[in-house]
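Peer 1: A single structure is presented below for examination.
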């Protein structure tokens with residue numbers, strides 16, 4: 001009786017496990033029962049062989065590794081493209097500055113040295129720098145291609161990335177070549193202008209040298225007073241010489257004349273220029289024991305000149321409205337300079353130029369009539 005009950009229990013247990021196995025196992029799976037000898041009851045079920053660790057990885061792992069490596073390559077390409085964009089942006093900025101400089105006219109010299117990041121002011125240096133930059137970009141692209149071939153030798157390089165890089169490099173190369181051609185044209189134009197200016201300057205200098213040679217070959221002795229156009233032998237308030245031509249508006253002038261005087265005190269007024277509303281527009285005067293004075297628009301500057309020794313002296317006086325700068329020369333030697341003499345005041349046109357007298361009445365004046 002006991003064996004029958006045990007058999008039924010075993011059958012029920014096996015049926016329950018079968019039902020549970022059918023619920024847990026996927027549909028369509030079945031169990032195969034195999035009879036075992038009594039001496040093999042404790043041996044258990046044989047397990048399928050496990051592959052050794054030293055074998056080749058499965059295809060899924062190999063594909064995962066390939067995908068990860070491709071992702072890293074794409075990231076490296078993005079970083080490289082970013083650095084290339086920075087280089088292109090920097091070069092585009094330099095080209096823009098160069099175009100702005102080109103738009104302002106011929107190369108304008110400025111004070112100071114070239115600062116870091118700026119294009120050199122010499123066109124030859126600009127061309128050399130652009131050539132070096134283009135060669136550097138080419139080298140960087142070649143290095144990138146070699147690196148990509150070494151890293152992904154078993155995988156093809158993305159065609160869109162290669163095309164984009166080549167397109168960018170081609171555009172940049174065309175821009176650089178265009179800019180180099182423009183700079184070459186500008187350099188040639190500057191050279192032609194410089195040559196023309198040099199030729200004009202040399203022509204003027206040659207004419208001046210010829211004139212100086214003629215004067216040196218001529219008679220350098222002074223003529224007698226009887227041969228002068230105007231002679232003022234006495235110190236009076238009525239002898240004077242009037243220049244028929246008037247002056248245009250002046251922003252700078254140079255006056256040179258020969259003077260000889262032994263008068264004391266002072267030589268009087270060698271010349272004066274008066275305009276309506278201002279009798280002392282330009283006056284050279286020495287009165288009393290004061291030094292020789294130059295008046296511009298009734299502003300006074302004392303000149304370090306001494307000519308009251310009875311000898312002939314050649315004096316020159318220069319003045320410019322810029323900051324009122326003036327210089328005084330005697331017998332070819334600069335004896336003094338100064339500024340703030342009627343600065344930024346233009347000499348008015350249409351006045352009267354008188355030799356030997358001043359044209360107003362005042363403390364410093366000699367009455368003309």
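A Cβ is built for glycine as well, from the same backbone N, Cα and C atoms used for every other residue.
Straight from TrEMBL, here's the annotation block:
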COILED    127-218  coiled coil
DOMAIN    226-369  domain 'Pentraxin (PTX)'
REGION    102-121  region 'Disordered'
SIGNAL    1-21  signal peptide
Peer 1: When the domain 'Pentraxin (PTX)' (226-369) is classified with DSSP, how many of its residues are helical, how many are strand and how many are coil?
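Peer 2: Helix, strand and coil residues of the domain 'Pentraxin (PTX)' (226-369) number 5 helix, 61 strand, 78 coil.
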Peer 1: The domain 'Pentraxin (PTX)' (226-369): mean pLDDT?
Peer 2: 85
